[in-house]
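Per Swiss-Prot, the features are as follows:
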BINDING   His80, Gly121, His122, Ser123, Gly153, Ala154, Asn181, Tyr288, Glu370  thiamine diphosphate binding site
BINDING   Asp152, Asn181  Mg(2+) binding site
Amino acid sequence: MSLDIAKYPTLALAENPEELRMLPKESLPKLCDELRQYLLTCVSRSSGHFASGLGVVELTVALHYVYNTPFDHLIWDVGHQAYPHKILTGRRDRISTIRQKDGLHPFPWRGESEYDVLSVGHSSTSISAGLGMAVAAEREGKGRRTVCVIGDGAITAGMAFEAMSHAGDIHSDMLVILNDNEMSISENVGGLNNHLAQLLSGKLYASLREGGKKAFSALPPIKDLLKRTEEHLKGMVVPSTLFEELGFNYIGPVDGHDVHTLTQTLKNMRDLKGPQLLHIMTKKGKGYAPAEKDPIGWHAVPKFDPASGTLPKSQSSLPTYSKIFGEWLCETAAKDSKLMAVTPAMREGSGMVRFSREYPQQYFDVAIAEQHAVTFAAGLAIGGYKPVVAIYSTFLQRAYDQLIHDVAIQNLPVLFAIDRGGLVGADGQTHQGAFDLSFMRCIPNMVIMAPSDENECRQMLYTGYHHNGPAAVRYPRGNGTSAVLEPLEMLPIGKGVLRREGEKIAILCFGTLLAQAQLAAENLNATLVDMRFVKPLDEELVLEMAAKHQVLVTVEENAIMGGAGSGVNELLMAKRRWVPVLNIGLPDLFVPQGEQDEMRSELGLDAAGIQRQIEAWLA
């Protein structure tokens, strides 16, 4: 799909930042309007992250206009908002391929463009990486500048504050731009603050400020008085105290949709020494009324008709696993007031909207703080409550030490509802749930369950919730299989289920690839086992299958290395059972983006691929 660039005459003149910087500043508002419309048209035809990009159009234009990218380093935290950046950095004609197999990466990606200096996807990493680049630039001595753009959600994470504390301590030259799009820090936006921001970022103010510090450095009482006076004056109109205490010079807030003010402020700040923080106020979804009204709903969108102002409903009548979890959560809370649900800023994605409204006293959104979420849950468990941590597989990686040190070592009854296990699709390498079975399986005291359908998912959630120790239920992104939902009951811990009896080959399946493995088993006349438990492994059943069959095949949507299949290998070797085993799962690579079914087919994890791998191995 390509758009007629003639409909965007100003944007047509800015194929890359070098061309952008040749435009007169008077044309920048027109460029922003066209860029926003181009983004709307592209995403509506191809799907993708939407509202975040609309909110940073003016900022993106101003940054590339003022800074000498790619020589100067521009870092986008998370990367949802980087579509305008990609459009302006030579990728305009390919933007419609974003998040698709073999298309543009969903986030800034080092291998894709020299303008993407940091590969991202997870939040709150930009300031740490930016500080490292700033230190390297100082050692390089070529005047390279470093700019980090971070949102008001991502900046709440501990890692961001750790980085700012370090930056303030070593006084490196860098600019952090706080993109505040939810009015959560300050509402002081207007002409006075825009004027003040330009004044405070100007060379005269900076020279007076630094000169005053030097002149009175030998007179502590006067120096302290000047500092208090400055903070008092700034504090009247800006929330600077926190960032100043961390060692940053605070400028703002600035209207993030006034491209001329942004450009002038950035020019003023470009050569300032030490760590600087520019606070801008933006509207997520800016320029498209439905997205402005519901920025969460329009965060990531399928193809849609811009004229209708509505998103198409899912064509599947089957509930998602996230919804299955959310319904179970409400069902359980209705019977047990001890249930406490914890999520690190993933309420919508984890299916917890209904629960948060119906049981607000039992619901905790701890923001982007995965480490805190897990240890907070440990504290709830110690206090006699029954915490359920709803978290994506890829984000649980960020709390691995807490999982071990604060939960598992103490054998605390915390249930982990791990969403997005396995291949997640369009978000690519940074979001695949490829490693959770591997990194959890080695932790003592853990019970790890992998359901084959939505009914098993419910039963496992119930089992894990009532288990007196740490437990994890790991389920995929996507819809269920129309399985009949049976009454909830405790599953016997560490026991699998024989689904089909065959000959010679026994397929041991962990998780929702069971339906694909079933088709392969029927074509191969193989035995099929729904293993259910990754840990503790059903050793008796595995050894029985080894005794009755010539070969074993393990199937899982997790990294082969260290995964469930590795557990089968370890058991057989420990018991001296010399049975050949084929492990089928995710290979030793970071799986790129693509539709889930596309990637399963490419990796040999659909029915045909499983059968093909087995036949090739036996040949």
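The backbone N, Cα and C atoms fix where each Cβ goes, glycine too.
All features noted in Swiss-Prot, drawn onto the structure.
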| residue | record | Cβ contacts under 8 Å, 6 or more apart |
| --- | --- | --- |
| His80 | thiamine diphosphate binding site | His49, Ser52, Gly53, Phe107, His299, Ala300 |
| His122 | thiamine diphosphate binding site | Val78, Thr394, Phe395, Arg398, Thr430 |
| Gly153 | thiamine diphosphate binding site | Ser123, Glu182, Ala345, Ala367, Ile368 |
| Asn181 | thiamine diphosphate binding site | Gly55, Gly151, Asp152, Gly256, Met281, Thr282, Lys283, Lys284, Pro295 |
| Glu370 | thiamine diphosphate binding site | Pro344, Ile391, Phe395, Leu396, Arg398, Ala399, Gln402 |
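Those residues noted as binding thiamine diphosphate (His80, Gly121, His122, Ser123, Gly153, Ala154, Asn181, Tyr288, Glu370) have their most widely separated CA atoms at a distance of 32 Å. DSSP classifies Glu370 (thiamine diphosphate binding site) as helix under the three-state reduction. In the shown protein chains, 18 other C-beta atoms lie within 10 A of the C-beta of Asp152 (Mg(2+) binding site).
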